[in-house]
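If you check TrEMBL, you get these features:
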| type | residues | note |
| --- | --- | --- |
| REGION | 1-20 | region 'Disordered' |
| DOMAIN | 5-180 | domain 'Malic enzyme N-terminal' |
| BINDING | 75, 330, 374 | (S)-malate binding site |
| BINDING | 165, 166, 189 | divalent metal cation binding site |
| DOMAIN | 190-443 | domain 'Malic enzyme NAD-binding' |
């Protein structure tokens, strides 16, 4: 196939040697493309000595790092405070960056910052390997993170992507706000979740009709996920209608553990909930909030299972011909309702998606395929788009571009089954399309540093994706 890319010194971008961080990441120093054939061990597994943070980072043998996933282990999904034992999260996320987004393994670095743990069971465990102290907080914590973030930029440069993962609410929002203007940072719990849910909502418009601005949204849960999703919905509506985001937020309502978030509670609310405190009389229970607000879309991010009761779902169904119900909490036991409950209680009219996977449901002779709003749809392709374009900052418009790209991958065949997400079997193709749209928006906004811009960004994304070569077995 003839290259459509701009040429440099008579060569296509695709023909250049893999040394500049373009095709597949960086030069294949360790023979990763033949890893399963020739490498019996991971060659960069080493122990590092304690010292200042920059000195520790310099002990890592690979210098061309492009993606870092970091946690402090305080809010590991479904498990809580695991301290230093939260390391499985950064490792797992980076495995998905490689498997789903084609980011080369050697440019990925998982990090856990051990600041102690408030988990008494771990502190009393003689085999716990982390710091045996309660979590550092306040200025001590802030100073450590500041040193850490400075060291990352000093050691790996301006364009290293730093993904915050499973930090507690009170730290997650502050870290994102503090470093988003100085570093290339992304919080998967806040921004990744928001982007994948927005994609589902945009896709669902084909089934439920109207525009996002025509709908009213009610959230159960007002933490990182809930407020992050809400803000991205408000931004998307603002972009499409040219209305101020302060106005578009009024279409979105939140319920927390104390009831509906309203203006009379403003003084006692955490800062990230305050933009959602609208004028309304206090409402304590979700069911009463549904009756009062009359939402067309019900979204669960509460982390509390079976909170979308039969009465709640039936009320949604009485208010809407096709109620859109997203039960996003993980794991399955914490899902606000099951797929079967959503379909049965709505008489087969609900458009349903969840955070955890559910089996197909048969109701009145029809088989419904519940979709899964999995962050893995977004962050691998999103990260690839940032890397291949040399983007230096994450702008909200890049998240909107990722959402819209994912929504376009839903086909008529998928819609016929009630799906609002494409099959996960196509994830590498999906990631390439997301990467291309993110890169396109980065170039448009002047955030991309890798020039010239390729003409066909989808093909370019595919050319950048690492694919290992496996030994054939008979």
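Any Cβ shown, glycine's included, is placed from N, Cα and C.
Positions of TrEMBL features highlighted on the structure.
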residue : record                             : Cβ contacts under 8 Å, 6 or more apart
75      : (S)-malate binding site            : 81, 166, 167, 168, 169, 172, 189
165     : divalent metal cation binding site : 69, 70, 71, 89, 90, 93, 187, 188, 189
330     : (S)-malate binding site            : 77, 78, 355, 356
374     : (S)-malate binding site            : 196, 355, 421, 424
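Most buried of the binding-site residues 166, 189, judged by other Cβ atoms within 10 Å, is 166.
Listed in chain order, the residues near the divalent metal cation site other than 165, 166, 189 are 71, 75, 76, 77, 89, 164, 167, 172, 187, 188, each with its Cβ within 8 Å of the site Cβ centroid. In this entry, 75, 330, 374 make up the residues listed for (S)-malate, with the farthest two CA atoms of the set 18 Å from each other.
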